[in-house]
Amino acid sequence: MNDKGVKNRTLVLLILSLIAGLMYLTPLLRFSFYDQMMDALNLTDIQIGTLGSVYAIFCVICYPVSGVLADKFSTKKLLVISNFAMALITIWYCLLPGFTSLIIIHGLYGIFSIATFWSPYLKAVRQLGSEEEQGRLYGISEGLRGIGQTIVATICLFVISGFASMSVGFRVLLIINAVVFILLMFAAIFVIPKDKIENNENKEKAKSDSIITIVITSLTSSSIWICIFVIMSGYTLWCTANGYIGTYCTRVLGISANLSSTLSIVRSYVIVFLAGFTGGFIIDKFKTKGQGMMLVFLAGAISIVAVLFTSKVTAICIIITIVLAYIVNVLKSTYWSILGDAGIPVESTGMATGIISLIALTPDMYVPIIISRFISYGESIGNLKLGFDFMLIWLLVWSVLGIFSGVILKRRKEKIMREKNEIT
């Protein structure tokens, strides 16, 4: 690829990543601006939780829909539609409407951040390079997503803190998000190229078959299930570690709240950035993605065992939790790079990612429930550490499942390579 091609590809990857970052920052503003959101909209904790649940439900429903749309329509057009729709919805949000309208808004956020965006985004990233480059492409994209979210969130925080009225500040925050969506829409129009592969057979099939038929057919594919096992293992590790390692450091290791917050910032921003940019290059160094995933899961298992046995040596344990955060973010940054090794052709990326996401990304729904039960049990018997030890064992089990999934993925790639050599 010449210098111009490299620059164009880099710009496309940057725009895709920035869109992905904002696409999930705006519907999840409660994570960064919970109190401001509650004050500006006069909501209760239960109401904010309900909005989060509505968004999550629509996201899950829309994953397979996203796969169908990605194979049926132009990726570029879907990205433009997503940005335009998200801008309009956010402008409605700016009016600070009542709770019923907020429910509709968050349902629409779920539709246009997933159905018309998720699989097209993954498909667009995959088309930017060869199978040997997939790890670094997805890894860099994840890192850029984090940078974009950090910049926009920081600007929003600066702006909202400058207003005495919380409702005015929150409205301006939403206007900023809407404006950025419009800017990214124009960037998509002028920067994102047309799909490299136009598969008329897939498009005709997507038109003729119902979503339910396509889902059932896809679920019979062993390639799909290999990806589901690897990605689900990695995402479960990430959800658990990302959500509970911070409180583990505070409640078990006994560090101060300020130090815990500092470490959370390191894990949430610095580590995510490093894992995204370095993890992809690491995974691509291996002969097969399965071998790379297997070793990363193994490193995760070793780190988890180390946390279990060093909880009384605070400084060492803290360092190990940071290492663990890096490992789970490497997994999250790169697990979509395995599609080719699993035997999923580029032209089937849309449908495949939709079906895989429907199952593999469900840990969001059950991890908080399970881990909170572990912690509550520990508290109820007066042994909080035991509750967190159960959490670490949970992490260890998923790491082992990830190792076995990596082995299966490695064998699948080796089988594909043998069959290819026999043909040639």
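Cβ from N, Cα, C; glycine included.
Some features that TrEMBL has for this protein:
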type	residues	note
DOMAIN	9-414	domain 'Major facilitator superfamily (MFS) profile'
TRANSMEM	12-34	transmembrane segment
TRANSMEM	46-66	transmembrane segment
TRANSMEM	78-96	transmembrane segment
TRANSMEM	102-122	transmembrane segment
TRANSMEM	143-164	transmembrane segment
TRANSMEM	170-192	transmembrane segment
TRANSMEM	212-238	transmembrane segment
TRANSMEM	265-283	transmembrane segment
TRANSMEM	295-328	transmembrane segment
TRANSMEM	390-409	transmembrane segment
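Distant neighbours of the transmembrane segment (390-409): 226, 229-230, 233-234, 236-237, 240-241, 244, 248, 288-298, 300-301, 304-305, 307-308, 331, 338, 341-342, 370-371, 374-375, 377-378; these residues of the same chain sit at least 6 beyond its ends, with a Cβ under 8 Å from one of its Cβ atoms. The transmembrane segment (78-96) makes contact with the transmembrane segment (102-122): 3 or more of their CB pairs lie within 8 A, with pairs spaced 6 or more apart in sequence. In summary, the transmembrane segment (143-164) lies against the transmembrane segment (265-283): three or more C-beta pairs, each 6 or more positions apart in sequence, are under 8 Å.
Distant neighbours of the transmembrane segment (170-192): 11-12, 15-16, 18-19, 22, 25-26, 29, 33, 36-37, 39-41, 75-76, 79-80, 83-84, 86-87, 90-91, 93-94, 96, 124, 152, 155-156, 159-160, 163; these residues of the same chain sit at least 6 beyond its ends, with a Cβ under 8 Å from one of its Cβ atoms.
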